[in-house]
Amino acid sequence: MDRSTRDVVVVGNGIIGLSTAFELSQRAPDLRIAVIGPAAREGAASVAAGAMLNCFGEATVSTLGDPASVAKFGVRLAGGETMSAPAVVVAAGSRTRRFIEQLPLGAVPLMLQGTGLAVLTQRHDDAAGFDHVVRTPNQPGACGLQLVPLGDRGHEYIGGTNLPSFLHSTGPSLGVSFNLLRRACEDFDHRLGYSHIHRWLVGHRPVTLDGFPLLGAVPSCRGLVFASGTYRDGFHSSPVIAPHIADVVLDRATAHPHFVPFAPERPPIERTSVAAATDQFVEHQNDDAVLLGIRLPYCIGRVHSCAGTMSWAGHAHGGIGTHERHVTGRHQGRDDLARSRRRGASAAARRVVRRP
Ligand SMILES: Cc1cc2nc3c(=O)[nH]c(=O)nc-3n(C[C@H](O)[C@H](O)[C@H](O)COP(=O)(O)OP(=O)(O)OC[C@H]3O[C@@H](n4cnc5c(N)ncnc54)[C@H](O)[C@@H]3O)c2cc1C
């Protein structure tokens, strides 16, 4: 068989790429499909996931707040050869960003990575562990804590941390990792402290700037299809995503209305205001500080602790603005708003200092 041409090339061998290739092969057995990706899948989100069917457990206050809530071209392989196909599906997880950056600036929302840590453990002396999945509700700034039993002899999966960032991170920080293990022992079962760690799993969740996935064709580049940005729910949603992507590839692009908002070429979907997002950030940071054990004396209340976090939020938003400006040349208005929030934060801080 000629190795340089295929009918479909899928770039990425995580759950989304593999599900899409599987769906295509079931529907059109004669199709010549290539899945490209490194065998070790280092940093792939799919390898680190607990693979729970937990979309609803991940819902946040903003989840339902918005209606959106061939040219024959070649893929260059690591060895230097190219592989051509009329359809190329990019399912490269958080690395999809590198493909987005090849397109005209701002055509497709940028991709961040939500770095996550999980551990595979075994109970001491093969003692029995949990016999069903347990998870906490969502926790500030992250998803809930999860424990998934893995068969007998006390094997368990404990996850997961989540730190979204524009910057490429090779792994979670010591502090974040420490917190995961500490909370597992304190919130689930203190005897987990005796468990042995068999493997540390690190994966980068693909998350777009607006938080919604990129699913479908890129009209300005015929033959290019994106299937990424599933963030915390890629396993849960892959059985729905793969048939849609197969429809697009096989030209049955009667897009189901559910998928219309996720067309890759779109301006970022705005589902909240900067002010509301800042307030939410401040609330999360304060709740996180309490969860981590902070204790404030009676004379320091919520306003005091909010002021510092608010200026941090303004700084964080300014950072996003820089990335957005780089890509779209827009969002001056948001920067103005961020500045006024920062001014509000300093005014609040001044009020606090003046209080008797
Ligand atoms: C700790 C953690 C826990 C999670 N828990 C759950 C859960 O319980 N339930 C759930 O539904 N979801 C969960 N998720 C989210 C889920 O894992 C992701 O949404 C999903 O795995 C994303 O799949 P993907 O195929 O898009 O990306 P990935 O799994 O990241 O796969 C992308 C692949 O593409 C490859 N690649 C990248 N660039 C290239 C290139 N240029 N050429 C070729 N190959 C390339 C990479 O090496 C990688 O193998 C979790 C994620 C993490 C990190």
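Glycine is no exception: its Cβ is also placed from the backbone N, Cα and C atoms.
TrEMBL lists 322-339 with the feature compositional bias 'Basic and acidic residues'. The domain 'FAD dependent oxidoreductase' feature in TrEMBL is assigned to 7-54, 72-247. Summarising the annotation, TrEMBL assigns region 'Disordered' to 321-356.
Note: the domain 'FAD dependent oxidoreductase' (7-54) comprises 17 helix, 10 strand, 21 coil (DSSP; helix = H, G, I, strand = E, B). Here the domain 'FAD dependent oxidoreductase' (72-247) returns a mean pLDDT of 91 for the predicted model.
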